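Now, the feature entries from TrEMBL:
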- 25-273: domain 'Rhodopsin' (DOMAIN)
- 6-25: transmembrane segment (TRANSMEM)
- 37-60: transmembrane segment (TRANSMEM)
- 93-115: transmembrane segment (TRANSMEM)
- 127-147: transmembrane segment (TRANSMEM)
- 174-195: transmembrane segment (TRANSMEM)
- 207-231: transmembrane segment (TRANSMEM)
- 251-273: transmembrane segment (TRANSMEM)
Amino acid sequence: MYENPTGLIAGSVVMWCITVFCVGLRFGNKIRERQSFLASDWLILAGWVFGTGLTVLEIYGVAIKSLGYRIGATLADPASVTGQLNKARHIQLAFFLMGVTALGLIKLSISCFYWQLFAKVTLRRFLIIWMVIVGVWATAFVMAGLLECGSHLTAVFGTPTEYLKHCGSAVPSGYAMVGSDIATDFITLIIPIPVILRLKMNMRRKLLTLMVFLIGSLSVGASIAKGYIYIRSSMGVYSEDGLLILTGISIWNLAEVEIAIVAACGPMLWSILAPTFSHLASLIGSKWHSRSKINNSKETHELPRFVKMSESQVKLPVGARGVSEGSGERDMMDQYELDSRYERSSIGV
C-alpha cells in the first residue's frame, strides 16, 4: 500500500493544496467582511506553516528513496541499519517534532474558536483548562522527542540493540503520545456537541451544524490509523519492511494534520459544504423527526450563525437564562448567549 512513490507525492500535494484553499478562504472572508483577525486565525495559520513543512518532508523523503521504497528488512533486523533507513529515521524524527507542534497549534486554534463562539461561563472555564492541557501536551512530547535517548543522540540511528539500550523510554513515550493524541483529538471534537444539541432549532438544522463541526472526525480516524501502525510495529507484530512502516506512520501523520486544518476551517466553508450536507441532513432529519422538512428553497443552504453577544446583552453568572430586551427574534438556550439567526454564507464569529 505504501510502496507507491508517485501516489505518496500526489496525495501529499493534493492535501496541501486543499489546506491552502481552506486557510486562504478563511482569511479572504475575514478581509472581505472587514473582520479582525483573532487568536484562532493566527494559530491555524501557524499550524498550516508546520503542516507545509510536513508536506515538504514527505516529498523529500520519497525523492531520496527513504520513504515509499523497500529496504528488504524489518526494523528489528540489524541488516536494516543502512544509510537509506537512517535518512528515513531523520525524517521521522523531524516529522514527530513538527507534527506534534502542528497538532498542538491546531487544537489550540479550535479551542479558541469555541471560546469566541460560546458565552457559557462554565464552558469557558473548562476551555481555559483545556487549552493549558493542550499546550502542556504539545510541549511535553516535543521535549520527549528531543530527549528520548538522553545524551546518546546517535543511538536513534544505530542498531536495534543500541536503540533499546539507550532509548528504552522511547517506546512507552510513543505509546503515550499516540494514545493521548487520539484522546485530545476526540475531546476537542466533542466539546461543542452538547451545546449544539441544546439549540432551539429543528432537527435538520441541528444536523447541519453538527456536520460542520464533525469534519474533525476524519482527523481522529487518521490519528487512530497512525497509532495502530506504530503500536503494532513496536510490539513486533508487523513483519513488514521497515521502511514501509515508517512511510505509513509519516503519511498518516501528515493526513491527520492536514485534515485537522480543514476541519478547523470548516465553519468558514459553509457556502461550499452546504449543497452536500444540506441534502444529507434533510434525509437523516426526515427519518429522525417527521416534522423536519424543507419548507422552501431559501432554507437549502442555511446554517445557524453563532455570534457572541455584547457584554451589555450577556448575563454571565452561571445558571442565568439571559434574554435581553428587544431580542424576541433570537432563539436562546440555558446559560448561552448565542445569536441563532440564519444566514446563507457562513458562520461568523
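Along the chain as shown, residues are numbered 1 onward.
Placed from the backbone N, Cα and C atoms, the Cβ positions cover glycine too.
Where the annotation comes from TrEMBL, it is an automatic prediction and has not been curated.
Quick caveat, the model's predicted, so the values are computed rather than measured.
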Self-check item: Positions whose Cβ lies under 8 angstroms from the transmembrane segment (6-25), at least six residues beyond its ends
Solution: 44-45, 48, 51-52, 55, 58-59, 62, 67-68, 247, 251, 254-255, 258-259, 261-262, 265, 268-269
Practice problem: Report the mean pLDDT of the predicted model across the domain 'Rhodopsin' (25-273), rounded to a whole number. | Solution: 82
